[in-house]
């Protein structure tokens, strides 16, 4: 079902992310079964764009749930919700971690297919499909959260 990775930090490049998101799109074929995509903002916006392109889906909604402030998980707040029960929709997020957000998503969209690119053990039972297994204690650095910076050559240190 998925690939495994173990380490304290997992740095995802844009190329890796795109490859994994396309793999997820392949699993969602045929595209004709879907009415649209619901992206879990903000992390789900990136895989939603790839899925929308690969599956030729134009109807993209969002559900905006706030739970993280950089690396700290806090209280869930639903800021905006797509108005559907999810039937015929793919709900996509970048990651399922503790499962707190996923539980709320399942309540809101019980008939949707819920997928993520990455999954940690606590959240795995709550999604219908995912691409990469990540250990619970591993922090994922997503490419949209990173910047490119100069690193001096080792010989100069």
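Using the three backbone atoms N, Cα and C, a Cβ is placed for every residue, glycine included.
Listed features, source Swiss-Prot:
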- 42, 43, 93, 94, 95, 96, 97, 98, 99, 100, 101: 5-phospho-alpha-D-ribose 1-diphosphate binding site (BINDING)
- 94: Mg(2+) binding site (BINDING)
- 97, 140: guanine binding site (BINDING)
- 97, 98, 99, 100, 101, 139, 140: GMP binding site (BINDING)
- 97, 140: xanthine binding site (BINDING)
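Annotated features taken from Swiss-Prot, shown on the structure.
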| residue | record | Cβ contacts under 8 Å, 6 or more apart |
| --- | --- | --- |
| 42 | 5-phospho-alpha-D-ribose 1-diphosphate binding site | none |
| 94 | Mg(2+) binding site | 43, 44, 46, 47, 116, 117, 118, 140, 142 |
| 95 | 5-phospho-alpha-D-ribose 1-diphosphate binding site | 43, 116, 117, 118, 119, 120, 123, 134, 140 |
| 99 | 5-phospho-alpha-D-ribose 1-diphosphate binding site | 122, 123, 125, 126 |
| 101 | 5-phospho-alpha-D-ribose 1-diphosphate binding site | 40, 65, 67, 76, 93 |
Residues 97, 98, 99, 100, 101, 139, 140 binding GMP per the record - widest CA separation, whole Å: 17
Query: By a simple count of other Cβ atoms within 10 Å, which of 93, 97, the binding-site residues in the record, is least packed?
result: 97
- prompt: Taking the residues 42, 43, 93, 94, 95, 96, 97, 98, 99, 100, 101 listed for 5-phospho-alpha-D-ribose 1-diphosphate, what is the greatest CA to CA distance in Å, to the nearest whole number?
  reply: 17
Query: What three-state class does DSSP give residue 93 (5-phospho-alpha-D-ribose 1-diphosphate binding site)?
result: strand
